[in-house]
Amino acid sequence: MKDQDGVKEEAFLLEEYSDSDVALNHPESEEPSGEIVLPNTESKHSAWRRPFDHMHGAIVLPPTASQETAGRYGSPPQSFYIRSMNVAKSVLVFFIPSFVVARYTDKTLDPPAKTQPTAYLNGLRGIAAFCVWSQHFMTEYYSSKFQWGYQSRPEDVWFLQWPFVRVLHSGLFMVTIFFILSGFVLSLRPLQLAREREDQQLLKSLASSVFRRAPRLFLPIVSPLFVAAICVHYQVFYQGNHSLEGLKMTATGGSLWAELRTAFWSWNIVINPLSQKQSPYFPPTDAPLWTLSFEFQGSIVIFLLVLCFAKIRSSLRLLSFGGISLYCLFHSRWPLASFINGAILAELRLIREEKKIPEEETFKPSTSKSLLKVFMRFFWTIIFIASIYIGSLPVFGAISTPGYMTMVATTPQQYYASAEAMAAYWGGIASAMLLLALENCESLQRPFASAFARYLGDISFSLYVIHVPMLLTMGRPIAVGFIHLTGNYAVGLCLTYTVLVPILVCLSDVQWRLFDENSVKFARWLALKMAA
């Protein structure tokens, strides 16, 4: 079942599913006897359907005369070479990204679905995940060099440190975008049910959300953790932020089984939101997973807040959410504040939709209304630009960076504890401004609603959880090779980045299809099987 507004309720960190019971529609394809099956993304029996439309299905071709004869009278089995080639082709097609397969298959069998009004949220998440990858790539080979503000020190005069440019690798800002998107998407359907006084459906939705949230977040990360453990055991996994040649991560000293057991306990720590981790960036083989415990905490808090305030008036609910968000900010709980800000924006969206006048009831727009519309578009564009500027705040040296010194001076004292805390505080403010501007200006949504951005949104969670293991395994030798080949550090890294991006997309697509979507389906199946 789909929500009334057609929202595909998924958020993440990139890609998450709420409790609107969005149908995944993954029918099993049947292969007719005596017929050839070739890859196709647009088949009726498409196995994966997403905004890039249709992935890895099958074109069914009629049997040839020789095949009919073979089927009628029998024929000797295919040679080992032919069988091997068929297997190789199948493996190759499997690793080709879904959107590439879609371009070379019949697109008339299953026309693409209409883009939903909130499709841009998926694209925004995808672009944010890609920016996190870019930041980790740069940090790996340049340490914190580009995390300093432009002209904050005499040596900080690099193009990548400029405001607006730095946002492309501003990881903490992107994390706050993940959190606010999660709060928005996870609360939208429950808040809609609360406003409609659908108490029974609201309880059912919240119960399903809470039950499915943990498997949706934590099952897909098993594969990258265990693959990383295998790489560590065989000494092909490098430690991060070291010299170019790198230091290989030290194995536990035991068997492969011991390494896998270590990975299991790392996973056990990640899934426990109350655990005291050894480091803020844990586990060492896949540091970005530190956000998942905050993701789970924020999700549960959102479900609880919606339940607590479901029966009060909308205006009071907004005030309550706003007060709790400020309380969280005051106590340095910026992840929770971002989640709650997302719920506030979801409530505001529902209010706007209820106040919209149907087109058939509107009159010819007057000059004053047209001017007001132009002014509001200009206003929200300014808010959008301001959010990008604030989101470009450097992690280090912000207090001495021209253009940010006055703003940073107003930071609450509790956020001076670390440079990351200050950047996260302003990132949370910037992400709220960004989403508010996008929600109120459709023209700003268009780049994020493009097919490419939505595809990135589909694979965003997978991209987020596998990019560091990929960077610390195959990324390091590729970088060393290109730098030695070109004799130039920067040129070698540019070539490395160019080569790694398509590899990352391919691996993320596979992770998405194999583990991400199946985790969603498993959680849904388990909820249905265990329902009273």
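Cβ from N, Cα, C; glycine included.
According to TrEMBL:
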- 119-503: domain 'Acyltransferase 3' (DOMAIN)
- 18-37: region 'Disordered' (REGION)
- 87-105: transmembrane segment (TRANSMEM)
- 167-188: transmembrane segment (TRANSMEM)
- 217-237: transmembrane segment (TRANSMEM)
- 289-310: transmembrane segment (TRANSMEM)
- 378-399: transmembrane segment (TRANSMEM)
- 419-438: transmembrane segment (TRANSMEM)
- 459-483: transmembrane segment (TRANSMEM)
- 489-507: transmembrane segment (TRANSMEM)
Legend entry - Proximity of the transmembrane segment (419-438) to the transmembrane segment (167-188), 3+ C-beta pairs under 8 angstroms: yes
Inset, instruction - Quickly jot the same-chain residues contacting the transmembrane segment (378-399) by Cβ under 8 Å, restricted to those at least six beyond its ends, or write none. - result: 144, 147-150, 152-153, 156, 161, 163-167, 170, 172-173, 405, 407-409, 419-420, 422-423, 426-427, 429-431, 433-434, 436-438, 440-441, 444
Legend entry - Interface present between the transmembrane segment (167-188) and the transmembrane segment (289-310) (three or more C-beta pairs under 8 A): yes
Legend entry - Chain residues outside the transmembrane segment (217-237) and at least six past its termini with a C-beta under 8 angstroms from it: 16, 248-249, 251, 256, 259-260, 262-263, 266-267, 270-271, 283, 285-286, 289, 292, 295-296, 299, 461-462, 465-466, 469, 472-473, 511, 514-516, 519, 522-523
